[in-house]
Amino acid sequence: MSLKAKIGPSILNADLCALYEESQKLLDNGADYLHLDVMDGHFVPNLTFGHPVVKCLRNKIKNAFFETHMMVSKPEQWIENMADAGVDQYTFHIEPVVNSVPDICRKVREAGMKVGLALKPGTEVDVVKDYISMADMILIMTVEPGFGGQKFMSDMMPKVKWLRENYPNLDIEVDGGVGLNTIDECAKAGANMIVSGTAVIQSPDQKEVIGKLKKSVECALHKH
Ligand SMILES: O=C(CO)[C@H](O)[C@H](O)COP(=O)(O)O
Ligand SMILES: [Fe+2]
């Protein structure tokens, strides 16, 4: 498998009353996928949207790859709903479900979606060792989950490096505070799937930002 650089903007800080237009604009400007942040007000102290909204968006955008970042206490509860809404990848946090990760991975796959496993900043990276074979991607959070626009945590880069060294073909995603000032660190550490919210959404030239983020990752992949 050869790794690809992929940029998945987060629409968390976009104008959510124009969700479709904002999403389509990101795709037209070069986004490889959409990263949809689902929060339940319990696992994280914030609320966003759930499967009904994702389904509406899917009805308008037929072809794009949708990843839902499930910041919820009961990820097992929403698998069928999200599959029905047209989600391609179901990325859930392992912290609230440490004893049932394999079971949830199996259910996500049976529902026809790819599996992403997400780790909060305080979670040691080697806990995913047992689950790598069940996952399509590991997400290393570079902020505390819950809000867009936070400061990037450089001290998460050793986790990314560890994953890349041990799993050269694994899709590794970073999420939180990633933009033009922080992308090189992520790329050098070995991340190939990049979530970027504020840095892309607030730019007057989304295409340029997405292009630069991608180029940084592509350069690092060539060097690896
Ligand atoms: O999961 C998230 C927050 O919990 C978001 O995906 C993330 O914060 C992206 O936004 P930004 O680039 O503005 O940090
Ligand atoms: Fe996210």
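Every residue number used here counts from 1 along the chain in the order it is shown.
Each residue, glycine too, has its Cβ placed from N, Cα and C.
Taking Cβ-Cβ distances under 8 Å and a sequence gap of 6 or more within the same chain, the neighbours of G146 (substrate binding site) are M39, V44, P45, N46, M71. As annotated by TrEMBL, substrate binding site applies to S10, H69, G146, F147, G148, G149, G177, G197, T198.
Residues within less than 8 Å, Cβ to Cβ, of D175 (divalent metal cation binding site) and separated from it by at least 6 positions along the same chain comprise S10, H35, H69, A118, L139, I140, M141, T142, V143, V195. Residues or ranges marked as divalent metal cation binding site in TrEMBL: H35, D37, H69, D175.
Residues or ranges marked as active site, proton acceptor by TrEMBL: D37. The Cβ of D37 (divalent metal cation binding site) has 24 other Cβ atoms within 10 Å, all protein chains considered. Under the DSSP three-state reduction, D37 (divalent metal cation binding site) is assigned to strand.
The annotation active site, proton donor is assigned in TrEMBL to D175.
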Out of G148, G177, T198, point to the one nearest D37 (divalent metal cation binding site) in space (Cα versus Cα); all of them are binding-site residues in the record.
G148
Pick the one among the binding-site residues G148, G177 whose Cβ has the fewest other Cβ atoms within 10 Å in this structure.
G148
Filter the candidate list H69, G146, G177 of binding-site residues, keeping only entries whose CB is under 6 Å from an atom of ligand 2.
H69
